[in-house]
Each structure stands twice: as C-alpha cells, then as structure tokens.
Ligand code: ADP
C-alpha cells in the first residue's frame, strides 16, 4: 500500500464509504415502507415517473426508488437486497462497473438501477452473454418489474420484426450483446422509419461485462451478403459498347481549334470517365430495345430503367478505358487489378460501381458475385453509444485499466456479503501432460470417495473429452458441458454441488448459474408449490421433506470441504482463471481450488517453458514429482500478463481502425435516419442540385471571369448530354451582350428547377419525395458498402506498403478521409443525376419503382461474430496485429473453429492441421 493510500484510503474505499452513507438513508426508509399496502407501494412507480417527467433527476430519487425496489422484492421474490447489493446498484447507476463475486447476487443487484432508470421511460437494456440467461433473468426479475408496473421485453434472435419492436418498446429489455448490436446495424439498413426496432440507446447494464466488452470485443459484428446477381445483364450489355464509336476531336488545319468527328461517346482518360453524346444515347436506346432489355418506346431516363444506364456506363468504361495487361491481367479465370504506378498485382481487390463485373464480362471470365460487408461495428463502438453504460462481473479488477481507457468505465470492487472461505492452493507443475492428468485423476478420485463435489474447468472441448475418457476408464461418473445447450447445461451445473458430483466444463459452459452446495432444490420446491393437485398441507410437507434432504446433503458437502475446483491449464488471462475459481466459495461457503499444469501446456511452452524447466532441473526434481513454488507461479503470471497485453493491443488496434470507420458510420447513419424521418425533401434536394450545377457551370464559366474565358458550347453540350437539359446558351449570350456569369448560372438553375417542378407536378410532391428518398437511401447504401470494402483494402495495404517515416495509422486516417469525401461526392452526383434526368409518366410508375428499390438489394445475408467461417478471411475480421502475431497462441479460436474448417490464420490449411494442432 502506498503512503498516500494509507492516509486517504484508496479511491475504492472512499467510494464504498460514500455509497454506504446512502445505504443508511435507504435503510432508514424501510420501516415506513413496510407499513404500506401492496397498492400503495405499487403506486410509487407512477409517482416517481411523474416526478421525473416534471424534471426531477434520477439521482434525486435514487434513495426512495432503491428502497421501494427492495421492499417490492421482499414481497414478490422473497429476497431482501443486501446492503452490498445496494452499493453495487449505485455503482451501476453511476455508470461504473461493479465487481462482485460469483453467487453474491448480481442479478438481484441489477434490479435497483434498472428500476430507477426505467422510470425515465427511455428504455433500459440488460445485456447478457446468451439467450438462455436473457430469458431466465427476464422471467425471474420480470416478476418484480411487472409488480411495480413496468414492462419487460426479451429480445431474442428468432423474434420477428413486430415482436422485436414490442421487446424494445418495453420499459426494460433483456437480450444478448450480439442481438443488440445486430439490431442496431439492421436499423440502419431499413428503408422506412417504421421498420426500425430500437428506440435509442439510453442505459445499459452489461452482465458479465468482462466477457462481453473484453473477450468478445476482439472481433467486430459483421453483416455480410452478396449483391444481387446480375450476371446475365452484364454479359448482354457487354455487347453494346462494341457497336458504339468514339467521338474524336481533331485539330483544325489552321490550328484554330478542334473540330469534332461525330461519334457516340467521349472519354476522359484522366478522370476515368466516359460520356454518351446525344446521338450515342439514342443509338444505345435502339440497341437495348432490339436486345429486349428496354421496352419499345421506353427511354433510358425512365424511372423504371435507371439501373440500366448504370450498367451501360460501366460496360462502356470497361471497353474504352480499361485495358488488359495494362490496367488488369486475366489470371485463373479472374480479373486481377494491376496498380498503375507500381505495376504490382492487387489480388483480391475489386473495382467498384459495377466496373469489375463489366470487365469480367468483357474478358469472358466468370462474373464473381463476391461477398460484401454490408455493415459492421465493434462492441467497443456500439456500447460507447449508450448515454449511460454500466456493467457487473465477478472478475473486472485485472482489466480495470482497459475498461477505463476504452470505455471510460471505472471499476469498483464490492466486498462480499459474507467473506469467502475458499482456499486457493498453489499450482502444481508437472514435466509432462501425462503426469499432470495422472495427478488430477488422483485428486478427483479422492474427492469422489469423500463425497466432495468437483468442478473441472478446461480450455477446450478437446481437453474436456480427453479428460472425460480418462474418468470413464477409471469408472468415475461425471457430466461434460461444452457451452452448447445453455439451458440443459444450466440445470446440470445447478446440481454440480451435490455430494460426489463430478462436472467437467469449458470456461463458457453453464455461465451465470451458481452452484449451491448440496444441489439446488428451489426449482423442485417451486414445482410442488405450483402443483394444484396437492393440498396446502401436502405441499408444505413435501417441500419440507425436500429441504430437510437438502440440508443433510448440504451439511455433508460442507464437511467434505465444499466445492473443489480443478483447473487443467492456466488460461490466457488471469481473469478467466479467477472466473473458474469464483465458482466455488459463494456466499461464505467453504471450498478449494487448484490448477494442474505441465510444461506441455501451451501457455508454458510458449512463454515460460524454458524458465520453469530450468528451475525444475536446478531443483533436481525426480520424474513424476510436481513443482509447487511461488517462483513458478510468478513466471506463469508474467506469461499471462504478456498474453493479456498482447490481446489488449489487438483490441486497441481493432478499435483504432474502427474509430475511423466509426466517425464515418455515424455521419452516414445520421444522414440515413434524417432521411427516414424527413417528410419534406425539397430543401435538401434543392441544395444538392444547386451545389452540383454551380460546380458544372463554374467549370465552364469560371467565377469572376470575362466572356473570352467562357466555354458556352461545352457547357451546352454537357447539360444536354449528361443532364438532359437543353438550353441555348450560345444564342443567349449573342443576343444579350450584358449577360454575366451569374446570369448564366441563374438560367441554368431556372431550367433545372423547371424540369424538376414539371416532374413533381406529374406525380405529386409526396410521391416524388418518396422516390427521392429511396434513390438517396439506395445510393448511400451502395456506396457505403463499397466504401467499407475500400477501407478494408486500405487497412491491409497500409501495412504492406512501406511508409517510410510515416505512421500507418495516420496515413490510413488521411486516406480514409479522402475516400469518404469522394464517396459523398459520388452519392450527391448519383442522386442529383437520377432525380434530374429521370423521365416520369405517372404516379403509379414512380411508386412501383420506389417499392422495387426498397426491396433488399442483397442476398445470402449472414450475421457473423467471431465464427470464423470460410467466407470471411481473417483480415476481414481482425486488425492487422492479430495475424502478424500468428506464432503466438490463440486459445479462443479453439472454442469457435471446427476442426475441419480452414484455419483462421489464413494459411489455407485445415484448422486441425495448422493452429488447431496446438490446442
Ligand atoms: P451471481 O450472478 O452474482 O453469481 P446470482 O444473481 O445468480 O449470483 O445469485 C446467486 C443466488 O443468490 C441466487 O440463487 C439468488 O436467489 C441468491 N440471492 C441473491 N441475492 C439474494 C438476497 N438478497 N437474498 C437472498 N438470496 C439472494
């Protein structure tokens, strides 16, 4: 303890002391609340709500609300919140993390801040690690909330849209981190405001916060899918450019300028752009009509065919601007882009906007319908959006720095209600795995004979099975839990405290269910109580009998030493070891724990093996004898610290890269949401139009220029060919000598507005606004998807490119920003062009088009988180640091990758033949 800590007490102690004072105030209200009738107590909720609505802060009603919640819990759940639970409740309410041991009652503790914050009516999200826990806790604690007049919803992945809206509309919503995150992403992909399910991110209580915000935060949530399959269309349209001719500008013989040799399109190699002339446009329409792609008499400008012109331009660019062995090569039936400047092949990279497919069609190779990221977010960035975030867990303290650094969350360690009596024994280190398993078997056998229950924690399913085989051979009955069937496993783990019980579990299995010494009879008692066939007397008698039996079992187990925990390996972080140990010694129970290690263990082999072996040799340890010394434990701990630091680094890198995308995502999503909610698009569209046409005019009639500098014929041509605006500017200038550049801009605006108003007049303001909204949303979505892919490539490339003296992260940021600006320009251009050039005949037509656009433009949509499936490369999923360090163990893979799946390291080998060999 440092000198200052001694004098002032640690911050933790000071906070506890402060909260303790509030607890006394809460306790003081108890006698009075106890006298209230149920109705009077229940009426408190409405009273609080009214006060909050009138402006009272939640902080100001905390004391009363906590007191009411406790009193209600006493009546409904027959549990009275302990004082330490009150303290924990305050920690959560103030947006911090409460560390509280397993079995201390975090579920009940959570009800206090949840009740208080629900009073604001803005919603409270309770986040759990799996659906089973969400459901269990919601049903259990939901009784209390509903008694107090608040609604509880459960947000499960299989719910349909309406049910989800109901769940989110509830005062309190339980669900998993994945589901909350995916819903957020999905809400930002809808085409109508009413299709969103969430209603803002207000207050979240994250249960097992370390698992969710740390372990699971190493990979982002990703929604991916394939763009709609247009293969046929690409091949057909590929025929069109061959029938069109390039318009060539030729120098006049006297050198006075250029004359045009008429043709169907022009090209600008620098800007990589092509443009159909008026004649070319007509010709293309005829060809497309002949091919049956465009109905007789229809125009490329018709609303129903707006995608066709897109395809046509892509094909034209592919033919006119992109050349084999210069811009790309054909390799193994694939188009591989060649970097123009370095000549290097950019394998895996694709051009956007349909160009790549057009080139594939041109070369007659297979048109790839590649998997695209449609949306993605890290948990860090998702959870940071909550106005107030809080969390609870049994093990946060070792990660307090990260919580503070990344989430701005402070960790407060809550003392146990009754101090634990668990004895954590020294690790035993053996030379070989065989000796280790032999020693474990002896330990388990001994417990079994004495009737002491044992929980054996393993790091992987393989290890569980190996151990299970050993126990079967020794004729020891046992259960194996693999975190596959959460509900069933919860039941087994609830009984893992019975005499002689032997349970093998991976660290994920049976989480959130606490192990009562002697087994859990609560459920059986409930069943009896609920059995209407029994008389009250019978019920009481049977329940009592069960409790008596339990009492004797409980006594037996307590005498045998409580629950014994065996660790088969140290985990990659000390926190996970503590999670395992924490399963024993709940609520002041006795218990013990011991980890068995061997030099073959992954962690030791890679990080500490040599040192420990040297120690063993120095001590001249005979074969089969374990070493049990502080110096070894310290080596192991330092190895764990190394792994922890590396994992922290991976998460931080992922976050730093995602932060760039995050700022951009926020802009795009905000824009999208404003669009969804906007009734009137007039202002937005007119400002877009004006900006666009001002740019076009100024390109030909520069600001503050004189007439000699103007290029009116050029402007006329562009307006006509590109925008379907026919304006006789040359003539105007000739007949009106005083015409200024500003006048010209005005005339252009007028013409554009007129054309626009004429369209609005045909279909009505509302329908046209709907159409504009859809065009805009679709354009945003398409470009955003391509932007995400571009960012991905950029991120990978930035590390391959040797940036001399340059910080890759800075470079990434700079380039990502440029790409983003370009994307915004493309969106504007796209939208204005479509809206200005679209030809509309009727309202029905435009509404049909709008409906068409709102349909999903992608297929095979996948929701991924950390399930490294074959379709996702690890580069997609992880920040570069994660695979740069592939010589180091990646224990968590073992739980998630199938043995026959491709190894996530990207080697192309099967997992079991690559990194899976380690596990
Ligand atoms: P944790 O999540 O902290 O491991 P749980 O919320 O699962 O613990 O609670 C463990 C057990 O303690 C539960 O069976 C619960 O009923 C019981 N419990 C919690 N708080 C109280 C209390 N104040 N009074 C009585 N029992 C409680």
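Just so you know, glycine gets a Cβ as well, placed from its N, Cα and C.
Keep in mind that what you see is a predicted model, and the values were worked out from it rather than measured.
Applying an 8 A CB threshold to same-chain residues 6+ apart, the list for residue 105 (ATP binding site) reads 79, 82, 85, 417. The annotation ATP binding site is assigned in TrEMBL to 85, 103, 104, 105, 106, 107, 514.
The domain 'SecA family profile' annotation in TrEMBL covers 1-628.
For 87-245, the entry in TrEMBL reads domain 'Helicase ATP-binding'.
The domain 'Helicase C-terminal' feature in TrEMBL is assigned to 443-644.
Helix, strand and coil counts under DSSP for the region 'Disordered' (574-593) come to 11 helix, 4 strand, 5 coil. The region 'Disordered' feature in TrEMBL is assigned to 574-593.
Taken together, the residues of the domain 'Helicase ATP-binding' (87-245) have an average pLDDT of 92.
Secondary structure at residue 514 (ATP binding site), taken from DSSP and collapsed to helix, strand or coil, is coil. Annotation: 85 carries the greatest number of neighbouring Cβ atoms among the binding-site residues 85, 107 [cut-off 10 Å, Cβ to Cβ].
The Cβ centroid of 85, 103, 104, 105, 106, 107, 514 marks the ATP site; residues of that chain outside this set whose Cβ lies within 8 Å of it are 100, 102, 108, 109, given in sequence order. The Cβ of residue 514 (ATP binding site) has 102, 103, 494, 583, 586 as same-chain neighbours under 8 Å, each 6 or more residues away in sequence. When other Cβ atoms within 10 Å of the Cβ of residue 103 (ATP binding site) are tallied across all protein chains shown, the result is 22. Pairwise Cα distances among 85, 103, 104, 105, 106, 107, 514, which the record gives as the binders of ATP, peak at 17 Å. Sequence-distant neighbours of residue 106 (ATP binding site) (same chain, six or more apart, CB under 8 Å from its CB) are 88, 98, 100, 207, 392, 393, 394, listed in sequence order.
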